[in-house]
């Protein structure tokens, strides 16, 4: 089962030292007739399928309340001898959306307009991420970096069905104010007889603010260091021991710490009730001063390049990059933010460092990987690790109640 795969379900804007395109002009070709052009057939089918299902849903009235059958429902379409747009789409494919009414309701509760969601997934091809789970889990972001698309296993799909009703009820009760993953859609794509399952969530990290350092924290210290291979990446995912050895702290202030831990405790208690464990707190850190310095350097280079190309007359325009065309209502009216500023309705997991902190930072924090039930396989792994490391060791495969308690305690200690 895929439950042994730990992975990062957020994709950051890479540090500018690695990718110097933040303020360069980006050109996204947006045709009136969508061509769903992507680098591989599976992504073209995803774009086509989401476009199709959202269009179909727009003709279905929003019910007063969801019914039990909505949590078992699906819509599927089989396309044969597809001649239109054959240079981009395979001639035969199948697309299935799970629980369409439920996920539409969840998108609404998370403040995501269906038109915005459709545009983000279909306007330009999703982007591959270098984040990858140990079992080959694949991550992509939508072109505007608002949503993460993750491949999952059929077991994960089954587990989603198991928890979806209670998850939805929890989201209703907390009014969408949660650190849990925001599940927005779940699909099965069949191309050349191969089935691929995908789940779409809101990106934990910002589409705009660069993440300079990130951590996957479980509250366990056994075998919880980033590998040398991981550390060689432009933006490695560090782990618990790396965090502790660096003496890292998240300096948010007393009030923000109290509010965050209350929300975390409520979310984690819910996961323990569902017998779910092995989740992580994903943490991204945006260094405001470093970002300003990188921005200035890139703007200077861009200005020099553009002024060389355009002549002296273009000088005033050279200082400003052009953001990509943006989906529907969320970004119809551009808003200009100062350094380290963000829109809390978009960057819902963001939190500023306290005014007294030695460095001005923005933290992005959310719970990820919640589709791991405490089943027989986990119990066996726990027994094996206990034999190897001893009963007192902080291993990650404890039971859900122990896991949640240890998780809360660890997170309480790293916030200040």
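These residue numbers are counts, starting from 1, taken along the chain as shown.
Just so it is clear, glycine is given a Cβ too, placed from its N, Cα and C backbone atoms.
Reduced to three states, the DSSP call for residue 204 (ATP binding site) is coil. As annotated by Swiss-Prot, ATP binding site applies to 202, 203, 204, 214, with the evidence given as similarity to another entry.
Counting every protein chain shown, the Cβ of residue 369 (GTP binding site) has 25 other Cβ atoms within 10 Å. Annotation comment: Swiss-Prot describes 203, 204, 214, 369 as GTP binding site.
Residues or ranges marked as domain 'PIPK' by Swiss-Prot: 38-415. In the predicted model, the domain 'PIPK' (38-415) has a mean pLDDT of 86.
According to Swiss-Prot, the N-acetylserine annotation covers 2, on the basis of similarity to another entry.
Residues or ranges marked as phosphothreonine by Swiss-Prot on the basis of similarity to another entry: 8 (among others).
Taken from Swiss-Prot, the feature phosphoserine applies to 19 (among others).
Look at Swiss-Prot and you will find 94 (among others) tagged as N6-acetyllysine, backed by similarity to another entry. Counting only same-chain residues at least 6 apart in sequence, those with a Cβ under 8 Å from the Cβ of residue 94 (N6-acetyllysine) are 76, 77, 78, 79, 188, 189, 190.
According to Swiss-Prot, the N6-acetyllysine annotation covers 150 (among others), on the basis of similarity to another entry.
Taken from Swiss-Prot, the feature phosphothreonine covers 322 (among others), and the record attributes it to similarity to another entry.
The annotation phosphoserine is assigned in Swiss-Prot to 326 (among others).
Broken down with DSSP, the region 'Required for interaction with PIP5K1A' (64-70) shows 3 helix, 0 strand, 4 coil. Residues or ranges marked as region 'Required for interaction with PIP5K1A' by Swiss-Prot: 64-70.
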- Query: With every protein chain in view, how many other Cβ atoms are within 10 Å of the Cβ of residue 150 (N6-acetyllysine)?
  - Reply: 24
- Task: Indicate the candidate from 202, 214 with the smallest number of other Cβ atoms within 10 Å of its Cβ, considering only these binding-site residues.
- Result: 214
- Within 10 Å of the Cβ of residue 203 (ATP binding site), how many other Cβ atoms can be counted across all chains shown? 25
